[in-house]
Each structure stands twice: as structure tokens, then as C-alpha cells.
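Single-structure report; data block below.
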Amino acid sequence: MNPFLDLGIRHEVVNAITEMSFEKPSPIQEKAIPVLLTGNDDFVGLAQTGTGKTAAFGLPLLELIDFTQKHPQALVLCPTRELCLQIAKDLEKFAKYIDNVSVVAVYGGANISDQLRQIRRGVQIVVATPGRMLDIIGRNAIDFSNVKYVVLDEADEMLNMGFQEDINNILSETPDTKKTWLFSATMPREVRRIAQNYMTDPHELTVGTKNTGNANIEHHYYLIKAKDKYAAFKRIVDYYPEIFGIVFCRTKIETQEIAEALVRDGYNADSLHGDLSQQQRDKVMKRYRDRSLQLLIATDVAARGIDVNDVTHVINFSLPDEVENYTHRSGRTARAGKTGVSLSLVNVKEQGKIRRIEKIIGKPFVKKEVPQGTEVCEKQLFAIVDKIRNVDINEEQINPFLPTIMESMQDLSKEDIVKRLASLEFNRFLEYYQNAPDLNLDARDSRSRDGGERGDRDDRRSRTASKGYTRLFMNLGSVDEFSRGDMLGFICNNANIPGKSVGKIDLKGVFTFFEVEDAEVNKVFEGFKGVDYNGRQVRIEVSGEERGGSREGRSRDRGSRGGDRRDRSRGERRSGGSSERRGGDRERGGFRDFSGKRKESRSRY
Ligand code: AMP
């Protein structure tokens with residue numbers, strides 16, 4: 001038997017939610033539905049967003065409401081227009097097979113006449129944001145005298161947004177006999193006060209730990225210098241090629257600056273903040289939901305109530321002023337039982353804030369290292385390989401060209417073709433990151449202590465050479481079937497130097513870092529001049545970070561990565577966070593158009 005039927009939900013609704021792939025109740029649904037179905041109690045549910053709260057109160061409402069009557073019997077108040085629309089839509093979906101159900105969504109920023117017309121036609125469930133609801137009450141356009149249930153959804157967020165007084169006024173319009181169901185992710189004093197003032201002996205239920213974040217969220221932080229923040233942020237984004245994230249900033253100016261810098265650098269990003277018109281906001285949100293945007297840069301207030309599934313990362317570009325807001329931010333990921341990462345970029349001074357947030361979420365942060373350029377390259381390479389494997393092939397379109405293509409490739413082995421294909425995009429990352437500095441604060445501190453040199457004792461991933469050695473880069477690696485021994489031989493033979501002159505060899509996928517005694521460096525350059533390996537010209541360069549500083553941050557304007565630069569040439573322009581860029585450049589799991597014409601003249605640090 002379907003577990004929802006067991007809980008007392010009627011067949012029609014069970015059929016509808018089965019179509020929505022609800023197989024079994026979520027923990028909050030399992031606990032709340034039996035209590036709410038009695039219709040006798042006030043109720044306080046402490047649960048994070050994304051835990052299935054809407055059905056937890058929505059399914060019981062559908063059982064308790066008399067749909068033969070055409071007057072409002074339930075009022076759901078929620079903080080934002082997005083959530084309001086989402087709840088109304090969900091309720092309609094749950095009620096798909098029940099006759100005569102009428103749900104109206106009442107929210108600001110939209111035509112009030114349409115909403116009034118719907119109310120006049122007769123509704124049983126009103127889902128509303130507080131401001132617009134008060135407006136309608138003020139016009140005497142709604143009769144709440146038969147309301148039996150009031151749901152306060154995301155109560156903490158409503159109070160955060162300053163709706164306390166509006167809520168009081170709205171509640172005073174409803175009968176004393178109504179039952180109030182309050183849902184909140186956190187239980188600050190103000191929410192507790194609502195429970196005390198408006199509820200009688202409420203049934204309390206907690207899913208997860210009180211005031212803590214969702215257990216499926218991992219919390220990471222990166223310790224960096226403030227001036228390296230943007231560079232570190234981009235590195236991290238590049239390290240997660242499949243990222244679909246919300247980036248939090250403290251001010252709207254910051255959101256705009258970051259979004260603009262990201263767009264310049266070829267990322268699909270846009271900003272969401274309080275200065276946008278509702279129309280602009282809707283457009284940005286639509287593009288984010290459609291995944292035409294990979295990164296949504298938002299302020300706390302603008303992001304409230306955003307309900308987008310599958311957000312992989314919440315990025316705290318700046319930590320929130322109020323540490324309590326951290327929970328709201330991180331709750332945008334790991335929805336509906338999924339996992340997610342909330343990561344924060346912090347400087348030394350902000351470490352105390354991390355400790356305070358740990359107390360609130362009841363979970364320690366994991367300190368992470370900003371990935372090294374080589375690590376980013378490896379990650380990107382495998383993302384490219386994955387993409388090549390999974391690309392959709394339009395047989396009809398490509399088949400006519402195949403004979404010509406095959407002919408022009410006939411002298412290349414399968415391996416050669418694979419390497420070339422992967423290198424098409426990979427080389428750009430390689431080039432961009434080959435001398436990229438270590439952006440971790442610890443690393444930079446120890447370097448300055450050492451007077452500009454960091455010995456390899458203190459960091460195995462050191463990108464500087466051992467004393468007396470120079471660290472060199474070569475564009476061949478393990479995929480070219482070199483072992484360390486082979487590589488040593490290859491270097492010694494070509495450079496005509498003894499094995500003892502070669503220090504550490506760091507063999508990577510398609511490239512290698514190796515150390516050579518300072519005195520022998522020229523021989524290596526000379527020896528490898530004009531050398532080919534399997535048809536590829538061998539390239540040797542000095543590796544090192546001293547020249548770099550935080551250039552990544554500064555050179556953000558020059559084609560740092562894929563992106564869909566073509567869009568910009570179509571005259572589509574960003575302004576005020578509402579740029580209209582083409583949405584069709586989405587790819588399987590990724591967002592960048594790797595075939596896009598990225599600027600080649602990237603700075604080389
Ligand atoms: P909510 O917390 O109500 O916003 O729900 C978060 C997401 O989980 C929504 O996409 C719901 O459709 C989905 N969801 C809610 N309950 C269930 C369930 N029992 N099984 C599967 N998905 C669910």
C-alpha cells in the first residue's frame with residue numbers, strides 16, 4: 001500500500017503526487033501529516049527549506065477543506081513572490097484530481113486586478129505575501145471570516161524581512177477559532193513570540209536539530225588574502241566544472257561588480273538584488289532555473305525564498321553581516337534530500353565569524369585549500385573527456401561530412417585524435433593556469449617568511465623549486481605513457497645532462513613539472529629545441545609563481561575561460577543585472593560553450 005494512503009491521504013491526491021514522483025513521505029511529512037490531519041491543533045514545525053514542507057501542510061489542507069464551498073478556508077503566508085507562486089503551483093498539482101479546487105496566489109509586483117478577480121470568483125486557499133495581502137484586506141476585497149487554517153511558512157524569513165506587523169494585522173482579520181501552523185528553519189525569539197501570542201499549546205515538531213543546518217550540507221572555508229578573493233573564487237568555480245551555484249555578496253554593488261566581472265571572463269552569471277524591477281528579477285530567475293545561468297550572484301534579501309532544486313554550491317563570497325543569515329544562505333543547496341556544499345571565502349580577520357557560525361549550525365567547517373592551477377587543469381581535462389563521451393551526435397547533419405573528415409584524419413591514430421580533441425580546450429586552461437600562484441593564505445605567508453622562496457619541505461604541493469634547482473614545465477605527461485623513470489631518461493638524453501642533475505619529477509596527466517639544477521637549465525632548453533614527441537612539439541617553460549602575484553584577479557578581463565563570448569558579439573548587453581544573454585548554450589551538465597571563440601591573447605603573467 002502507498003505510504004501516503006497509510007497516512008490518511010485520499011486516492012486522488014496520492015495519484016497526483018505519485019505523478020510528481022513522491023514515493024514515500026519525507027521525514028517532516030511523516031511526522032506532521034498525522035498531526036495536522038486532525039485539524040485540532042496549532043502546530044510549530046522546525047524544518048529547513050527543501051525538506052518537503054509544502055506537502056507536509058498542503059496535503060492535510062486538501063483533506064480538511066470543504067471544496068463544495070467557495071469561500072477562503074485556508075490562508076498560507078510566505079515571504080516572497082517566488083515561494084508564493086511555488087506553493088500555489090504545488091497545491092494545484094497535489095489537487096489535480098480533486099474537483100472544484102481553487103487556489104489563488106496573491107503577491108506584490110503583479111497586477112492586483114487579476115488577483116482581485118480571481119478572489120471574487122471564489123477561492124478556498126489563498127497563498128500570499130504579507131504586503132499584498134494587507135493591501136487586499138484594506139480594500140475589503142476578501143472575507144476571511146471562514147478561514148479555519150493559517151499557515152505561516154518560512155516564518156523566520158518573514159520576520160527577517162520586517163513583516164512582523166503585517167502578519168499581526170493579517171492574523172487579526174481571521175477568526176480566533178482558526179488553527180495556526182507555523183513552519184520555520186530557525187527559532188529566534190521573534191518566531192517564538194508569534195507562537196506564544198497566536199497559538200494555544202501548539203504541537204511542536206523538529207526535523208533535524210533545532211536551529212541547525214541541513215545535515216546534507218558540507219561547510220567549507222578557504223583562507224585567503226582579501227585581495228585574492230576574486231581569483232580564488234574563480235579558481236574554485238573552475239575546479240568544479242559542473243557547478244550550479246548561488247553566490248552571496250553583502251551589497252548590491254558587490255553583486256553587480258562580481259556578476260559583471262564574471263560575464264567579462266566568460267562565465268554565465270547574473271546578479272539578483274533589491275534594485276531590480278519585478279520583471280527583471282523574474283527574467284534573471286527564469287534564466288537561472290533554466291540553467292542558462294551557471295552562477296546567480298545575490299544579496300541576502302534578494303535571495304530569500306529562492307527555491308531552485310539541484311543548486312550544487314552556495315558560495316559566500318562575503319560572509320553575512322548577521323551570522324544567523326548563514327543558515328538561510330546555505331539552505332539554498334541540498335534541497336529535497338540532495339547533498340550540497342556551502343563554501344566561504346574568508347580572510348584572517350573573519351575566522352572568528354566562522355567559529356560563531358559553527359556554533360549556530362552545530363557542525364564544524366572543513367578548511368579547504370584553494371586548488372592549484374594544475375589541479376584545476378586536471379579537473380577540467382576530465383570534464384572535457386566526459387563531455388566528449390556524452391556529446392549528442394546529430395547523425396543526419398554530420399554524416400555528409402564524414403568521408404571528408406575521415407580522409408583528412410586518416411594518418412592520425414585514434415589516440416592522436418583523442419589527444420587533439422581534448423587539447424582543443426584543455427590547452428587554454430593549461431596556458432592560463434600554468435604559472436598561476438598559490439592563493440592559500442598559509443602558503444603565501446610562509447613564502448614571505450622565507451623571503452620569497454618557499455622550501456618544498458613545508459608543502460608537498462609546492463610550486464617552487466628546491467634550493468639550487470629550477471622547476472620546469474613540459475607539455476608531456478603520464479597520458480603520453482611516461483613513467484617517472486622514462487621521463488628522467490627522456491630529459492637526460494635530450495638535454496645531455498646526468499640523472500643526478502634532475503630533482504623532483506612531478507608527472508601529471510598531460511604535463512610534467514620537473515626540477516633541474518640551476519646550472520643545467522640552459523642545456524635543457526637547448527636540448528629540447530625542435531624536439532618532437534609523437535608528432536607533438538615538446539615545450540619546456542620555467543614554472544614558478546613569483547611572477548604571478550594575484551594576477552588571476554587582475555587579468556580577469558582576458559578570456560580566462562570558455563564562456564560564450566559569441567553572445568556578447570550579438571550586441572546583448574548587461575545592465576543592472578538583467579542582461580539578456582542567449583539561453584541556448586547549455587550543455588549536458590555543463591554550462592560553457594567550449595567551442596566558443598575564447599580570446600587567445602590571454603596574459604601569461
Ligand atoms: P519543499 O520543501 O516543499 O519546497 O519541497 C522541496 C522539493 O522536494 C520539491 O521539489 C518537492 O516537489 C519535493 N518533495 C517534497 N516531498 C517529496 C516526497 N515525499 N518525495 C519526493 N519529493 C518530494
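Heads up, residue numbers simply count up from 1 along the chain you see.
The backbone N, Cα and C atoms fix where each Cβ goes, and this holds for glycine too.
Bear in mind that TrEMBL entries carry predicted annotations, made automatically and left uncurated.
According to TrEMBL, the compositional bias 'Basic and acidic residues' annotation covers 441-462.
According to DSSP, the domain 'DEAD-box RNA helicase Q' (2-30) comprises 18 helix, 0 strand, 11 coil. For 2-30, the entry in TrEMBL reads domain 'DEAD-box RNA helicase Q'.
Among the features that TrEMBL reports, domain 'Helicase ATP-binding' is placed at 34-205.
Annotation comment: TrEMBL describes 235-378 as domain 'Helicase C-terminal'. Confidence in the domain 'Helicase C-terminal' (235-378), given as mean pLDDT, stands at 88.
As annotated by TrEMBL, region 'Disordered' applies to 441-463 (among others).
Positions annotated as region 'Disordered' by TrEMBL: 542-605 (among others).
As annotated by TrEMBL, motif 'Q motif' applies to 2-30. Within its own chain, the motif 'Q motif' (2-30) has Cβ neighbours under 8 Å at 37, 45, 47, 51-53, 55-56, 59, 62-63, 93-98, 205, 207, 336-337, counting only residues six or more beyond its boundaries.
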- With DSSP as the reference, give the number of residues of the domain 'Helicase C-terminal' (235-378) in helix, strand and coil. 60 helix, 26 strand, 58 coil
